[in-house]
Structure formats: structure tokens, C-alpha cells
Amino acid sequence: MWSVRLYPLALTLLFQCVSPAAARPSGCVDDVEVVQEIGSKEIQAPVVRFEISLTTQSIDAAGIGFREAIFINDAFIGPTLYAKQGDRIEFVVHNYMQQDTSIHFHGIDQRSTPWSDGVPGLTQSQIRPGASFLYNWTAHDAGTYFYHSHAKSQMMDGLYGAVVIAPDDEAPRPFHLISSGEADQAAMLAAEKLMRPIFVSDWSQYTSAEYHGIQHAANIDFSCMDSILVQGVGSQYCLSEEELDDMTNPIVLQLLKELAGGHMTPKGCIPPLQMFNGDFELHLENVPELAYNKCKGGQSSKGNYTIDVDTSIGWAALTFVNPGGLYPLQLSIDSHELYVYAVDGQYVYPIVADRVLVNTGSRISVMIKLDQEKARHVVRVANDYLNQILGGFAELAYDGATNAPKHPHPKTNYGGKLISSEMVSFVPEDSSPYPALRPAQSADSTFKLRLKKLGQPYRAYEWTQTGSLGYNISHEHDDPPLLLQNVEDVPATELTLKTQIGDWVDLVLVTAGPFAQAHPMHKHGNKVFLIGSGSGSFPWESVEEAIPHLPEGTFNFQDPPYLDTFNTVEMEGQANDTWTAVRYKAEYAGAWLFHCHVQTHLSGGMGMVVLDGVDAWPEVPLAYQEWNGFEPPALS
């Protein structure tokens with residue numbers, strides 16, 4: 001085993017988000033459009049070395065009992081990697097657990113280092129117990145990203161931490177679109193240099209292995225969590241039947257009345273009914289009482305997490321990151337508007353909102369004007385899916401205040417619903433990158449995908465992204481990894497797409513009903529433009545063919561969202577199916593995973609491989625073919 005050497009991290013807390021860009025939805029301040037090219041210049045810079053040690057320890061994160069979790073450098077939630085745009089990163093992982101692992105850098109494009117993307121069986125072999133691995137990549141694009149395990153569902157056990165890359169000083173920023181005042185702009189610039197990433201996630205009393213074990217034993221699509229964590233701290237709240245009914249979606253409540261006693265379970269979940277699981281033989285006798293029907297209630301010994309802000313600056317900058325296993329989360333702060341200025345590490349034309357949606361895998365950066373009472377203002381976080389009423393809290397403390405505000409003005413209730421119809425919500429798919437960036441007006445190739453449960457004879461928790469085949473989790477153990485194979489010998493299949501370098505590629509994802517749900521999709525290797533969506537099927541062979549048959553404005557080629565994680569469209573009206581179209585340029589050759597970021601969906605098969613640039617396939621360095629990224633020791 002390679003010896004452990006801990007290097008001091010001399011890193012400054014610098015941060016500002018920039019990257020390509022594109023447009024403005026309603027509610028944005030107008031501005032002269034600036035168009036830039038995809039990609040960022042490389043800057044000569046020193047090496048930043050960052051080391052983490054992984055262990056398994058017990059934690060009671062929500063006051064409902066201890067369970068095993070993954071600790072990074074003896075802490076629950078890993079340390080933040082700070083770097084500057086253009087820095088070369090040496091990220092060393094030491095695995096002291098009794099299980100295999102890997103680390104993926106979510107949103108980092110790995111344009112010249114695909115062997116550091118961290119997907120076992122695809123870009124590397126597993127990091128075995130007692131082994132170490134050196135990831136080596138360049139911080140091409142500024143912004144907030146995060147590192148997390150890509151082995152099994154270890155993210156659900158806490159294996160994640162933030163990556164913050166500061167941009168060039170001359171990078172254009174959108175703060176003048178938030179305020180025309182020079183003092184405000186200077187304050188926002190100062191606030192952004194002190195930006196803090198805040199992790200918000202769902203949490204289960206079960207480890208990821210136990211969670212999947214319940215799915216397998218009961219043959220259900222298990223979706224009932226115990227709490228919401230903010231920066232690793234949370235509580236379990238047990239609401240009354242009346243309170244749950246009041247916050248349950250009316251359609252869901254009516255279905256429950258017709259099918260199963262009329263209410264959510266004591267944990268606020270839709271019970272594991274046949275209707276919602278599909279036509280499978282369920283074994284509900286194998287579902288533990290604590291899984292759905294028993295709410296213990298509890299609070300972390302640390303209480304609610306406190307976000308301290310310095311009012312002398314005038315503004316605060318926060319980036320909310322969702323590494324959760326299942327749920328997109330709605331977030332609001334009492335008495336404060338949220339000025340969204342970056343999404344997925346990418347500046348956007350600012351949008352002012354009362355509530356923001358943080359998808360699993362997404363990062364939402366907000367400016368907050370510190371002009372309210374010096375007090376502890378409540379931060380509210382809640383599940384956005386209809387399947388469970390689940391909320392959590394943190395506190396935004398002005399200058400270390402200990403008092404509650406005299407006249408609080410909440411924006412959302414416990415279930416994440418807006419208090420007033422006049423309030424504004426933000427979703428990442430509403431964003432437009434700043435400065436402007438446009439996709440090509442047509443694509444060189446189109447791939448149509450179909451997201452659905454596999455159905456019989458498969459299990460209730462098995463999914464497909466292609467319509468008929470699932471990406472088996474056993475691929476994590478493929479040896480040699482696909483990237484190290486001769487790409488000419490790898491056939492193009494339903495689960496393996498091939499593109500040519502420089503091509504513009506359309507991916508059209510049809511989400512099958514009934515009850516078509518939104519899936520947070522993440523493509524490794526690059527961001528994508530979300531160019532259109534709609535209800536119903538997509539019978540056309542390409543976007544170009546579809547344009548004459550759909551209403552004007554269905555597609556946006558001028559200023560579409562530019563994201564590394566996007567939601568497919570959920571059920572609309574009476575249509576069973578929905579469709580979502582994204583476009584990207586195959587600029588960076590490599591073997592990239594494209595998958596749903598809901599961990600039970602990915603482990604259940606909702607993934608596939610995209611081999612971009614097969615005509616310019618990279619040569620993998622010998623260190624990554626043989627020695628986990630390290631150079632072999634010199635022989636004397």
C-alpha cells in the first residue's frame with residue numbers, strides 16, 4: 001500500500017462563478033448581450049495537492065439512532081477543495097474502509113484527463129480497501145462543484161465534499177444586474193469571495209446497503225426517508241394526521257382515500273401500494289415497521305445548523321449543494337429574497353426568487369441582502385416530490401445573534417409549498433447563462449431514450465434509460481475498465497452510444513407514464529443545453545423534424561439553460577409521457593456515464609455509457625493503466 005502523507009493545504013477562500021452562458025427568462029434585468037465561446041483558457045498555475053482518508057464510523061445525524069456512515073478525514077462531510085481557475089489538482093484518496101470505492105468530481109469536465117472521472121468499471125478500477133488512488137486534473141472552469149463516491153450508493157452514507165474554483169479576476173460577473181449601485185456591487189464581490197457551500201440532503205436511518213436490501217427483500221421501489229440534513233445536521237419531525245393531510249397533494253390524497261385508508265404513513269410517505277410500484281409481486285411482509293409506519297422523532301445533539309453571516313459586508317453568498325440519495329429540495333429563507341447568480345458552477349442572468357429548487361446533483365448559488373432584523377432567521381428545506389411530506393431547518397444568524405426575529409415572514413410551509421401565490425419560485429431549468437452562450441442550430445446526430453421501469457420479469461426497483469435494457473451495477477467491477485479497452489472493439493449498443501469529436505449531439509429523453517416523474521439527469525464530461533421539452537410522446541426522428549409539428553417557442557436555440565444536471569419533465573395534464581431534449585458538443589473524448597442521479601434509480605439500471613470522440617480516443621497514461629495514478633517507485 002502507498003504510504004500516507006498529509007500535505008498542508010495553503011488555499012485561499014476565493015470564489016466567483018463563471019463559465020459559458022446564454023439567456024434571460026422573465027423577471028431578469030435587461031442587459032447588453034455578450035457572447036462567448038464554449039471552453040475556458042488554460043492558465044499556468046501551481047499544483048494544488050489535496051488528500052482525503054476514508055473511514056467508516058457511527059453517527060446519529062438526526063437524533064433517531066446511530067448508524068454507520070463514511071467519514072472523510074474523521075469528519076462527516078468532507079473538507080472543501082479550494083483552487084483557482086487553471087490550477088492543476090492532485091487529489092489523493094486513501095481507502096481505510098472495508099469496501100471498494102471511487103471519487104467522481106461532479107461537474108468537472110475532465111477534458112484532458114478522462115481517466116480521473118472516477119467511475120469504476122468505466123474510467124478506473126475500484127479503489128480497494130487499504131489502497132490509494134491519485135486523481136490528477138486541471139480546474140479549467142470556475143464555479144462550485146462537488147466530489148462524491150461513484151461506487152454503489154455511498155453518497156447516501158456521506159461520502160461527499162465541495163470543490164470551489166475561483167475565476168480569473170477579469171471574468172465578467174452579473175452583479176450589476178442585481179443592483180446598479182457601486183457600493184452594492186463591491187459588497188457582492190466581497191461576499192462572493194467568502195462564499196460558503198452548504199450541503200442539503202435527504203437522510204435515512206438505514207445505510208445505503210440496508211436501504212437496497214429492503215428494496216430487494218420486499219420487491220418495492222423504496223422511497224421513504226427519515227430527515228433532511230443541512231451540512232450534516234438534521235431532525236425527524238412527526239406530524240399529526242391532520243397536518244399531513246393539509247400538506248398532501250390533493251390528487252394523491254384522493255387516491256389514498258380510494259386505495260388505502262386515506263392518509264400518508266406516520267413518516268409522511270405514500271405507502272408501498274401496488275398502484276405506485278407497478279404490476280409486480282410485492283412482499284410487504286418484509287418491509288420493516290420503521291421503513292414507513294413508525295416515526296420516532298428526534299433532533300441532532302448539535303441542534304439546527306447555523307449559517308453565520310457578517311452584516312458589515314451587506315450581502316452574503318451561499319451555494320446550496322444537494323448530494324442526497326432521492327429527493328430534489330425546495331429551499332427558502334424567512335424574510336429574505338434569494339438572488340440566484342449561478343447554477344451548476346455557471347454564472348446566470350440573475351433571478352430574484354422566494355424559493356429555489358436544488359435538484360440532486362445541482363448547485364444553486366444565491367446572493368442574500370442582509371437588511372433584515374439582527375436575529376436568527378429560519379432556513380426551510382423540504383422534499384419537492386409528491387411521495388413524502390418531509391422538511392428540515394437551519395438558521396441564518398446575523399452577527400452571531402441568539403434571538404428569534406420579532407416579526408418573521410416565512411416563505412414556505414413545512415412541506416415546501418409557498419405561503420402566497422404572489423411569491424416566486426426558481427428552478428434550474430429557468431436559468432440562462434451569463435454571458436450569453438448558444439448551441440448550434442442543428443445537430444449532427446440524435447439519440448432517443450426512454451426512461452421507465454423495466455417491468456416484468458424484472459424487479460419493481462429496476463429501471464431503464466433506453467426503454468428495454470438496464471445498466472447493471474455489476475459493471476463497476478468490469479476489468480479492464482472500458483476507457484482502457486480498444487474503443488474500436490467496443491460495439492455501439494443500446495447502452496453504449498458513440499459520437500465523433502466535434503459533433504453536436506441531441507439526446508431526447510421520453511419519460512414514460514403513468515405518473516411520469518422528473519428524473520435529475522447528469523452527463524459526465526460536459527454540460528448540456530436544455531433546448532426543449534413537452535408533454536406526450538416524441539414520434540419524430542430528430543428535433544429538426546419535430547419543429548414544424550410543435551408550437552412556436554417549444555425549442556430554444558438562442559438562450560437555453562446550460563447545466564450539468566437537469567430535470568426531465570414530470571407528468572403534465574392528461575398525457576402519460578413527457579419528453580426533454582438536450583444538445584451538447586462532443587468536445588472531450590472519453591467514456592462518460594449518463595445517468596439519473598437518484599441513487600436507487602442508478603443502482604436499479606437508469607444509466608448508460610456515451611463514448612464521445614471515438615475518432616480521437618485518448619491514450620491513457622501508464623500510471624493509470626497500472627498504478628492507480630501514481631508513478632512507480634524508482635528502482636535503485
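Any Cβ shown, glycine's included, is placed from N, Cα and C.
Computed from a predicted structure; not experimentally measured.
Annotated features, as they stand in Swiss-Prot:
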- 1-23: signal peptide (SIGNAL)
- HIS104, HIS522: Cu cation 1 binding site (BINDING)
- HIS106, HIS148, HIS597: Cu cation 2 binding site (BINDING)
- ASN136: N-linked glycosylation site (CARBOHYD)
- HIS150, HIS524, HIS595: Cu cation 3 binding site (BINDING)
- ASN304: N-linked glycosylation site (CARBOHYD)
- 318-381: domain 'Plastocyanin-like 2' (DOMAIN)
- ASN472: N-linked glycosylation site (CARBOHYD)
- HIS519, CYS596, HIS601: Cu cation 4 binding site (BINDING)
- ASN576: N-linked glycosylation site (CARBOHYD)
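Sequence features, as recorded in Swiss-Prot, placed on the structure.
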| residue | record | DSSP class |
| --- | --- | --- |
| HIS106 | Cu cation 2 binding site | strand |
| HIS148 | Cu cation 2 binding site | strand |
| ASN472 | N-linked glycosylation site | coil |
| HIS519 | Cu cation 4 binding site | coil |
| HIS524 | Cu cation 3 binding site | coil |
| ASN576 | N-linked glycosylation site | coil |
| HIS595 | Cu cation 3 binding site | strand |
| HIS601 | Cu cation 4 binding site | helix |
Other C-beta atoms that fall within 10 angstroms of the C-beta of HIS106 (Cu cation 2 binding site): 25
Alpha-carbon spacing, ASN576 (N-linked glycosylation site) to CYS596 (Cu cation 4 binding site), which is rounded to whole Å: 20
Top Cα neighbour of ASN136 (N-linked glycosylation site) in the set of binding-site residues HIS522, HIS524, HIS595: HIS524
Recorded positions near HIS595 (Cu cation 3 binding site) (Cα-Cα within 10 Å), from HIS104, HIS148, ASN304, ASN472: none
Between HIS524 (Cu cation 3 binding site) and HIS106 (Cu cation 2 binding site): CA-CA distance (Å): 8
Predicted model, mean pLDDT over the domain 'Plastocyanin-like 2' (318-381): 99
Nonlocal neighbours by CB distance (under 8 Å) for HIS148 (Cu cation 2 binding site), same chain, sequence gap 6 or more: ILE103, HIS104, HIS106, GLN154, MET155, LEU159, TYR160, GLY161, PRO323
Shell list (Cu cation 4; ref centroid = CB of HIS519, CYS596, HIS601; cutoff 8 A): LEU451, TRP463, GLN465, PRO520, MET521, HIS595, HIS597, VAL598, LEU602, MET606
Secondary structure of ASN304 (N-linked glycosylation site) (DSSP, helix/strand/coil): coil
C-beta crowding around ASN304 (N-linked glycosylation site), within 10 angstroms: 18
For HIS150 (Cu cation 3 binding site): intrachain residues, at least 6 apart, with Cβ closer than 8 Å: SER102, ILE103, HIS104, GLY118, VAL119, PRO120, LEU593
The domain 'Plastocyanin-like 2' (318-381) - residue tally per DSSP class, helix then strand then coil: 0 helix, 40 strand, 24 coil
Entries of ASN304, ASN472, HIS522, HIS524 which, being recorded positions, have CA atoms within 10 angstroms of CYS596 (Cu cation 4 binding site): HIS522
